[in-house]
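One structure is given here, and the rest of the page talks about it.
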Amino acid sequence: MILQQPLERGPPGRDPRATTGVTLGLDTREPLHKHFLSEENMATHFSRLSLHNDHPYCSPPVTFPEALPPLRSPCPELLLWRYPGSLIPEALRLLRLGDNPSPYYSASPAGEIMEL
């Protein structure tokens with residue numbers, strides 16, 4: 001059982017008792033209203049909930065124009081890209097030692113080679 005004070009109508013964000021300057025004690029307030037929570041009430045509440053966008057508070061779906069034109073001939077090739085941040089330690093080593101730089105996309109160690 002949940003006990004709750006009745007809602008008071010008035011300007012939003014202001015307590016109507018604050019304008020009159022009257023402070024009421026617990027014994028002079030209006031009686032608390034009882035809200036009984038039962039399994040039936042909860043089942044009814046949850047059965048009304050929905051995961052679909054069929055409620056009036058949902059706006060209709062918006063379609064956006066495509067950012068890229070559709071591909072004329074899509075190809076199944078895979079582009080492997082290596083994050084350039086992994087080359088920072090190599091660049092620092094080259095700056096310290098003055099070595100000749102290796103090719104930008106050098107062969108990876110055997111553990112990193114992938115076959116498709």
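Including glycine, each Cβ sits where the backbone N, Cα and C put it.
Remember, it's a predicted structure, so these values are computed and weren't measured experimentally.
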From 30-33, 54-57, 70-73, the residue range that Swiss-Prot assigns the feature region 'Interaction with HCFC1': 54-57
78-87, 88-97 - the range that Swiss-Prot marks as motif 'Nuclear export signal': 88-97
